[in-house]
Amino acid sequence: VIRAKVVGKKLMKDGPFGTMRYTVKQMKMYRGFQIMPHVQYIYTEASESLCGVKLEVNKYQYLITGRVYEGKVYTGLCNWYEKWDRLTLSQRKGLNHRYHLGCGCKIRPCYYLPCFATSKNECIWTDMLSNFGHSGYQAKHYACIQRAEGYCSWYRGWAPPDKTTINATDP
């Protein structure tokens, strides 16, 4: 997970359809520095129809998530990528202070009601009930964090989360 500005791009002639290689200037790394401490290139499929993403050169800073495979960072339409200035204050705070508190949690999407957590380390993601998907209210303003005794629940607030309280009804 990085914050980066795209400073160049090149179509690589590998595979049947090609791969786009974006050269990035990494501003900050939020996760993954144990695997790859610095990211210079981001790879994606050349075509959006193959889940490739289009990033603009020398225009915006982006939040980019992906995976490392054979020493290269790959991203696609199934990963979270967004222009940095479109992130909410809660999302920015989450990246810096909250999301890491949920590394032991699993987020279970809810597509239709009723939805139930099947274990104590799950948060039910209800944005999928509407047409908003990953950019819905819950994703923009809440963080799934681990609470007392390993229970996970949604958290929204300005103060550090109280680890002794479990609020399973929020949101």
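Quick reminder: no glycine exception, Cβ is built from N, Cα and C everywhere.
Taken from TrEMBL, the feature disulfide bond applies to Cys105-Cys152 (among others). In sequence order, Gly102, Gly104, Cys105, Lys106, Lys120, Asn121, Glu122, Cys123, Cys144, Ile145, Gln146 constitute the residues six or more apart from Cys152 (disulfide bond) in its chain with CB-CB distances below 8 Å.
Look at TrEMBL and you will find Cys110-Cys115 (among others) tagged as disulfide bond. In the structure as shown, the Cβ atom of Cys115 (disulfide bond) sits within 10 Å of 14 other Cβ atoms.
The disulfide bond annotation in TrEMBL covers Cys123-Cys144 (among others).
Taken from TrEMBL, the feature domain 'NTR' applies to 1-103. Taken together, the residues of the domain 'NTR' (1-103) have an average pLDDT of 90.
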Subject >> Chain-internal residues, separated by at least six, CB under 8 A from Cys110 (disulfide bond) >> reply: Ile124, Trp125, Thr126, Met128, Leu129
Original post:
Taking DSSP states H, G and I as helix and E and B as strand, how many residues of the domain 'NTR' (1-103) are helix, strand and coil?
Top reply: 20 helix, 40 strand, 43 coil
Subject >> Cβ atoms near Cys144 (disulfide bond) (within 10 Å, other residues, all chains) >> reply: 23
